[in-house]
Structure formats: structure tokens, C-alpha cells
Amino acid sequence: MIKTFPLNSRAKTTALKQPKELFSFARDIDGEYIFDSTKVQDENLSYYYLPDASVDKQIDLGAGYSNFKKIPEEENLGDFPALLKGVMNYEQSTGTKINSDIITFRGLMTKILTLPYNLKDPLDLHVIVYDGQLFIKNNDEIELKRRQQNNQHEDPSKQEMMKKFEYSGYKFEAVSTLPKPWGDCSRQLIEKRNKKVVNNYEQYISVVKTGIGKVKLLLAGEVDCLWDYIPEDGKDILPHYVELKTSKVIEAPGQVVNFEKKLFRTWAQSFLIGIRKIVYGFRDDNLILRNVEVYNTEEIPIMLKDTINVNTKIVCMNALKWYGAVIEWINNEIPKDADKSWSLTYDPGSKSFSIVELMQDSELRNSVITEDFKEWRISLHKTES
């Protein structure tokens, strides 16, 4: 039986629980995961450093493209076993189950939050019920097919340019960050950043406890770097994180609308896990970095609301009310007392947002809920009883 949710639904309030980081983990250059939080922060968390004098040198964000160490598409999808390993490690250290209704990746919640202003983008997710919680993941099979189809239908020259645009984002991250605080880095290390081989294997992932309305969420999201320092004595690290982005320099009124859409998505992904600062590098068509702007996440809704483009105005509060309503609906409609799996989809053609129970789900469940995680939760409940 299909259950549908009206797209015009809105929650009365937008009470978002203040995100709090529970733990972090990382993926290294070899694609291996590291779960020791202290080691992860010391060795896998970068620091932002890009003075105006460096920007004035017109950095080429396309340099080194031919040497790009890119992770294969099929390996660069949200890794649920890695997330569950992190959850398991955290629960073992506290001796208690994390109190969340939904466990998922920030990127998937970003898609749901921004849906009112991205009605042309399809959504295909799986919801696996286990131990009274909803584990939401991407439908990787459909996602990979969609990417392959898009590549097949695109002009090869345009496809190559899109790859270079993608690369320029990783290059910007490489030239604007340091592996240690500025004072601990040699002049040579700072000045040779432009020569560094760029990769998208390395990731630092923050896992935060948050929520909207009465629904409690655990979200895992990649963090690009720190603005300043790691606070001592276990104080909140989230205000120190930074999101890095690149975009084309704005030279015509029509480009403003495109940038506002991009800024809205960046606001959503930063807001969801409590990142308060966003740095945009603006490049020209030749991938030369022209200027850098710093935005405070909390100010973006006001900027978007004050836009002169009335027909394309994005209201973040409207998106939040949708998000609150749809997350509550998902949480209420999917029974948590039976270990089943569901398909959660948005179809742009029919404009329908729906969930349907999956009958043949054993392979899916086993690919998400690992044996180690099951054994841990069983042993945890035994000690509790």
C-alpha cells in the first residue's frame, strides 16, 4: 500500500533542536576509515588559511586536473556500514543506545529540506527499520543509473567541462586549507599547497544529534575544515567548522538566480548540522579564482528573502516548515515495532511524495545493518535487561 504526503504540507512550528556533535570519523587517502576521534581531529581535520594576498595571485583552480585522484562513483556513496561502526563505537563508550528516531546522512536530509524549491529533482531513498529506529539511505542502484544516463546524454565537451568544475571545488579546498594550524606549518608547506595532488578520497565526517519538532535525528555530514581552532575540554566544536564552496563569478542578472539556488542548498546542508560559516571561492570560465566571500549561515535566509527576484524568491522558513512536516510524517507513518524496509520517493513527473513497503528486502537489510551492529545491539539489550 502506497502512502502519499501532500507537497503543500507545512508544520506550524520550525523548532529545530540545536545540533550537538557526538563523534567524528574519517576516510583516508586509501579509502580506509578511522574511528579514533582524537586521532581523527589531529590528523584528518584541516584549517582554513587563504589570505587576500594569495587570492590576488589569481590561483588556477584547474591546475593539476590530469593528476586528480578521484574515488570511483560506486565507492563515493554514503557508506552506512562505516556510519554504523561509528555509532557502535560511541554506544560502546557510553554503554547506552543513541536516542534517535532517524539515523541517516546529512546530504539526504538536505534533499528533503530543499525539495520545495527543487521540484524537478527526483528522490529515491530506502528506509530500513531496525531496533526501533529508521535508518535512511540512498537507493544507490537508481542513483548510479541516473548518473550514468546523464553522462551518456551529455555532450562530451560539456561533460569534460563539468568534471573540471567539480575538480575546481576540490582544488579550492586544497589551496585554502592547511593540515595543521598556521603557526605549526612551515612556509614551504603553505606556499606549496598549489602543487599538492588533489583527491576526493579524504573526508572528515561529523556525526551530530539534532531534530525538528518531536523527531530526534542523528546526521552524519562531511566537514571541510576549521575556521580557527579545536576547542579544549570537550567544548562545542560545531561553531568552529567551515563549509567551502566554489561558484562562477556573477557577471549578469540571470546568474544571480542560479547562485541564490546554490546558496540555498549550501545554507540547508550547513544549517542541518550546525555549521555557522561558509566560504565561497568565485572562479571565472577559465577556472581562475577571482575573489572569496565569507557568509554567516544564519544571515543567508535574510539575504535570500531580500532578493529583488520576486518570482524566484526562496524563503528558508517555508522550506523548514515543509521539512518539519514531512519528517514528522515519515516518523509517524513507518511502524518502528517491525523490522521492515520501505521505499521513500519523490517523482517530479507526478509531483508525488510517497512511501511504500518493500516485500523482498533481505539483501537490502543485510547491506545496511551489519552483523557486527546487530550483535552489538543484541548484547546491549541483554545488559540492559
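Note: Cβ is positioned from N, Cα and C throughout, glycine not excepted.
Listed in Swiss-Prot for this protein:
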- Glu173, Asp224, Glu243, Leu244: divalent metal cation binding site (BINDING)
- Glu222, Lys245, Gln269: substrate binding site (BINDING)
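Swiss-Prot feature annotations superimposed on the structure.
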residue	record	Cβ contacts under 8 Å, 6 or more apart
Glu173	divalent metal cation binding site	Ser46, Asp224, Cys225, Leu244
Glu222	substrate binding site	Arg106, Gln203, Tyr204, Ile205, Ser206
Glu243	divalent metal cation binding site	Val223, Asp224, Thr266, Gln269, Ser270, Ile275, Lys277, Ile278, Val279
Lys245	substrate binding site	Gly169, Lys262, Thr266, Ile278, Val279, Tyr280, Gly281
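Classification of Asp224 (divalent metal cation binding site) by DSSP places it in coil, neither helical nor stranded.
Binding-site extent for substrate: residues Glu222, Lys245, Gln269, maximum pairwise Cα distance 13 Å (rounded to the nearest whole number). Shown in sequence order, Gly221, Asp224, Glu243, Leu244, Thr266, Ser270 are the same-chain residues outside Glu222, Lys245, Gln269 whose Cβ sits within 8 Å of the Cβ centre of the substrate site.
One way to see the shell of the divalent metal cation site is to take the Cβ centroid of Glu173, Asp224, Glu243, Leu244; the remaining same-chain residues with a Cβ within 8 Å of it are Phe172, Ser176, Thr177, Val223, Cys225, Val242, Lys245, Val279.
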